[in-house]
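Here's the structure we're looking at; comments come further down.
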Amino acid sequence: MGRGMSRPAPKSFHVKSFGCQMNVYDGARMAELLEAQGMHAADSADAADLVVLNTCHIREKAAEKVYSDIGRIVKKAADAEEGRARPMIAVAGCVAQAEGPEIPRRAPAVDIVVGPQAYHNLPQLVADAAEGRRALDTDMPAASKFDTLPKRRRQGPTAFLTVQEGCDKFCTYCVVPYTRGAEISRPWGAIVDEAKALVDAGAREITLLGQNVNAWTGEDDRGRTQGLDGLIRALDALPGLARIRYTTSHPNDMSDGLIAAHGEVAKLMPFLHLPVQAGSDRILKAMNRSHDAAGYLRLIERVRAARPDIAVSGDFIVGFPGETDEDFEATLAIVRAVDHAQAFSFKYSPRPGTPAASMDGQVAPAVMDERLQRLQALLNEQQHRFNLATVGKRCEVLIERDGKKPGQRIGKSPWLQSVIVEDGPAIGTLVTVDIVSAGPNSLSGALVEQKAA
């Protein structure tokens, strides 16, 4: 990086995104930026002139994976036939933001480093790298990238739409405030316009994204202050849009209006991802979560009162510093009390620069492993039970992709379960199915009737 050697400008690219849905959104927008420059997408990194690794920094394993990928790309290029130049390598995303100039020092093959708030400058960085100039940008200007991104042009039946970025909660284990910055909300009009463009491009379902999405706030087209519920109600009126979802939420920002929207907005799907992280009040306080277990359970009760069939999802961390057996049992207790449709569990991963990384009482890896296995077994049991409870129900399924067998399609239920449907309904259509069987990770449905797209 920055060695002064020029190289041909890339004609093809491949974007590989790690981690959260927002990275998937960012990866798609980077691809659109590069296509707007005349490049075409390659099917794999091996076939691309430019490889963009859109990285995640939330856990050590995810952050380290980027370096193994860089090594693999370099080795494959070295082993390839003569005349095939090594692809240009760009590291984007949260590892880029956190490590910046350290990345090319550790991995000299990296040509470009670009943070998650600066990727709108990727075309210029590619041009700089091709000319042998330094190509690093980890600035965090508030929301300016959205003003320069190209209009959404083509889209599958489901789409992500970032409405909010950053986080001000400063949970003691989390790097997001340092890699994504302070909370910012995109303007109402920009979100509505992008949603319209996504629908025009083929989207039937839109998932609103944010690190703390239910903290979104802004003024509507009449100058009135709105929260996420107001934005959802506006999108509910868009012709052609069939489904709305949002993720990820913080318990402290579940407003009365947002809870009410779950019972009142027809297009808002009955699914809520609301992480609690732990069931012990002592651990929640050490995490700086700003809520307790009882308050979280009251929120779940209120949401279920508004929408009785809602599926609840969550995130859990085991082995946070100082976690005792009693604390872990409190986590199992809150899991049993909520009864999740699905959830994600992780071993605590100390991230440099976060308060938790230097806390006393770091839990032994073997203890974390045992706790994770117990927790995941309980969550798997709950997910399978939730799936079995849908057998015999009739629901709409949005067909998203081909299945493994000829004529088979896979779609999503309102509760975000994968549903396998035979008889080949077209991708992008809403079909009514009877759920006839359920496994731990998917359902099978019998086609009843089909709605026009």
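In case you wondered, yes, glycine gets a Cβ from its N, Cα and C as well.
Look at Swiss-Prot and you will find Cys20, Cys56, Cys94 tagged as [4Fe-4S] cluster 1 binding site. According to Swiss-Prot, the feature [4Fe-4S] cluster 2 binding site maps to Cys167, Cys171, Cys174. If you look up Swiss-Prot, you'll see 11-131 marked as domain 'MTTase N-terminal', on the strength of sequence analysis. Look at Swiss-Prot and you will find 153-385 tagged as domain 'Radical SAM core'. Annotation source Swiss-Prot lists domain 'TRAM' at 388-449.
Feature map: Swiss-Prot annotations on the structure.
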{"residue": "Cys20", "record": "[4Fe-4S] cluster 1 binding site", "Cβ neighbours (10 Å)": "19"}
{"residue": "Cys56", "record": "[4Fe-4S] cluster 1 binding site", "Cβ neighbours (10 Å)": "21"}
{"residue": "Cys94", "record": "[4Fe-4S] cluster 1 binding site", "Cβ neighbours (10 Å)": "27"}
{"residue": "Cys167", "record": "[4Fe-4S] cluster 2 binding site", "Cβ neighbours (10 Å)": "23"}
{"residue": "Cys171", "record": "[4Fe-4S] cluster 2 binding site", "Cβ neighbours (10 Å)": "22"}
{"residue": "Cys174", "record": "[4Fe-4S] cluster 2 binding site", "Cβ neighbours (10 Å)": "21"}
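For the pair Cys56 ([4Fe-4S] cluster 1 binding site) and Cys167 ([4Fe-4S] cluster 2 binding site), the Cα-Cα distance reads 16 Å. Cys167 ([4Fe-4S] cluster 2 binding site) sits 14 Å from Cys94 ([4Fe-4S] cluster 1 binding site), taking the C-alpha atoms as the reference points. Between the alpha carbons (Cα) of Cys94 ([4Fe-4S] cluster 1 binding site) and Cys171 ([4Fe-4S] cluster 2 binding site) lies a span of roughly 17 Å. Other residues of the same chain near the [4Fe-4S] cluster 1 site, with their Cβ within 8 Å of the Cβ centroid of Cys20, Cys56, Cys94, are Phe18, Gly19, Met22, Asn23, Thr55, His57, Ile58, Ala62, Gly93, Thr179.
The distance from the Cα of Cys20 ([4Fe-4S] cluster 1 binding site) to the Cα of Cys174 ([4Fe-4S] cluster 2 binding site) comes to 14 Å. Taking the centroid of the Cβ atoms of Cys167, Cys171, Cys174 as the [4Fe-4S] cluster 2 site, the other same-chain residues with Cβ within 8 Å of it are Lys169, Phe170, Tyr173, Val175, Val176, Pro177, Gln211.
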